[in-house]
Amino acid sequence: MGIMSYDQTSNSDYDSQSHPDHLQASLPALYSQPSLPSVPSLTSKPHHRHQEILSTTHHHCLTTLEGHSSYVSSLTLAGKFLYSGSDKEIRLWMRNPLDSEIDQEELSNNVVAVAKGAVKSLVVLAEKLFSAHQDHKIRVWKINNQETNQHKYTRLATLPTLGDRAFKSLLPKNQVQIRRHKTSTWVHHVDTVSALALSSDESHLYSVSWDRTLKIWRTSDFKCMESVANAHDDAINAVALSNDGSVYTGSADKKIKVWRKSSEENKHSLVDTLERHNSGINALALSPDGSVLYSGACDRSIVVWEKDGGGNMVVLGGLRGHTESILCLAAVSDLMFSGSADKTIRIWRGADRSYSCLAVLEGHRGPVKCLTASDDRYTSDESYLLYSGSLDCDIKVWQINVPLL
């Protein structure tokens, strides 16, 4: 699958659920599916206090970061910096564009890494940057931000590592069939690596792929510890990790699966399957305490799942308003942000099992593909910075002020 320019972009470029071997999986993205009648809406008419919050919620675009020549497919924050990934390149920006210590112009051409395959996901661990790519690989880079004058990062490893590949290829039992006449070792992803996530203790990296597998890597030596084959019936597009050890994967097969590691076997096993969406799932996000899971799909709906007394996720309801597929989600504090193929971002806040859409952010000229957010400590406890990447090749930095409940 080649990467096309914005005006030629097919749905398969912005909707991560598309899979070369699953043409039917790409169809819902062209025409968003009807929203979910089976899931009650959580967006009720706001009461007086909520009405106050709606009217006093302020947002504006601080700046637009330009430089990428292809659509922005991934964003992540680390320290003072924001990383963005697009077709083959990773760029570095200031987290707060108002920070005067480093000139944003100086960083505007700062491509810190170049590799084959579009960058689908980015994760930072200490001095290491992990990137997931469309060419089926995960790459590890040594972060060097001491000087800002265009130093490229050194590549530390490509996963699976050469040692891992060589050792596994020696034994026939380590071979898995990927096509009729082709085999590969189980440590290899054999299709686009769509998303990455770190365990809470940062000892393991989780990766999911359009090859329908979930893999777990040790971050100390990059060894592949486990691979869950056929974790879904179609391409996996999203992964989210909870502090209690639960692993959530979302797929084009319309399902979210919940995995946990069993202490006896030291392997991950399926503990639950969440089914309420009627089309492919593109994005997952967890509330900071892990008690609420948000899932976004091509049915234009965000389903809100909440932990019940037994620790299982049950449907609380749906958030509606976007007119096209939901492509990305981010949660910070008590806010949740959603980005859509309709080119807008919505800000949601929940209280008393009811949600309000606080604002709709407009300005991107293409589908919003990725989001990340943080508290804005520079301003106040009620201020947030939101970063959005789009098929228009731009990154926008938004400041959002929300009064405390």
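Cβ atoms here come from the backbone N, Cα and C positions, even for glycine.
Taken from TrEMBL, the feature compositional bias 'Polar residues' applies to 1-15.
According to TrEMBL, the feature region 'Disordered' maps to 1-22.
For 65-93 (among others), the entry in TrEMBL reads repeat 'WD'. Mean model confidence of the repeat 'WD' (65-93) amounts to 95 (pLDDT, 0 to 100 scale).
The repeat 'WD' annotation in TrEMBL covers 186-227 (among others).
Among the features that TrEMBL reports, repeat 'WD' is placed at 229-269 (among others). A Cβ distance under 8 Å defines the sequence-distant neighbours of the repeat 'WD' (229-269), meaning residues of its chain 6+ beyond its ends; these are 16-19, 22, 25, 176, 186, 191-192, 194-200, 206-214, 216, 275, 277-286, 289-290, 293, 295, 297, 305, 311, 313.
Sequence annotations record features per position, and here TrEMBL assigns repeat 'WD' to 274-306 (among others).
Sorting the repeat 'WD' (319-348) by DSSP state (H, G, I as helix; E, B as strand; all else coil) yields 0 helix, 18 strand, 12 coil. Marked as repeat 'WD' by TrEMBL: 319-348 (among others).
As annotated by TrEMBL, repeat 'WD' applies to 361-401 (among others).
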Structural state census, the repeat 'WD' (274-306) (DSSP three-state): 0 helix, 18 strand, 15 coil
DSSP residue counts for the repeat 'WD' (65-93), split into helix, strand and coil: 0 helix, 16 strand, 13 coil
